[in-house]
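S.K.: Mind looking over this structure? Questions follow.
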Amino acid sequence: MTDIEIYRKRLERIEELLLELSEYSKKGAVIIVEGKRDILSMKRLGIDGNFELATRHSLFNFSERIAKLGCEVIILTDWDRRGDILATKLSEYFGNFGIKPELQIRNKLRLITQKEIKDVESLYTYVSKLRSKTGVSFDQEDNI
């Protein structure tokens, strides 16, 4: 498999995950991220939705408030040590409130990008780089 084929496959898998994330968002799910730049990256990738910053509150109170909304919860923290700890704690707290948060999108993004990037805010730049290397323009893929 050539480098371009590898990049194309990686881009395809990321685009599928972004489409899945977009679908969750359209259904009213709350997407939990760590910072404002994460939100900006997601919006630049075509994901509009209800974003919440997990790092601005007591995690217990934050989880309780989100759980009371009664909607699906997607944890999209960074895939560094801090993001892993935050995802684990949030998942535990949400579990205490009877909510099973979606973690698979985060985990799959982590696997696909593990040696390249470690955070959500870099995702837009990474996808742009993959699109450039594979010759896929944003116009061709902006159906998210």
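Glycine residues also receive a Cβ, built from the backbone N, Cα and C atoms like all the rest.
Residues or ranges marked as Mg(2+) 1 binding site in Swiss-Prot (evidence: sequence analysis): Glu34, Asp78. If you look up Swiss-Prot, you'll see Asp78, Asp80 marked as Mg(2+) 2 binding site, on the strength of sequence analysis. Positions annotated as domain 'Toprim' by Swiss-Prot, on the basis of sequence analysis: 28-109.
Describe the structural surroundings of these features, if you would.
M.R.: Here Glu34 (Mg(2+) 1 binding site) comes close to Leu53, Ala54, Thr55, Thr77, Asp78, Arg82, Gly83, Leu86, Asp119, Val120: these same-chain residues lie at least six apart in sequence, with C-beta atoms under 8 angstroms from its C-beta.
Under the three-state DSSP scheme, Asp78 (Mg(2+) 1 binding site) falls in the coil class. When Cβ atoms from all protein chains are considered, those within 10 Å of Asp78 (Mg(2+) 1 binding site) total 22, not counting its own.
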S.K.: Within the domain 'Toprim' (28-109), count helix residues (DSSP H, G, I), strand residues (E, B) and coil residues, in that order.
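M.R.: Here the numbers are 45 helix, 12 strand, 25 coil.
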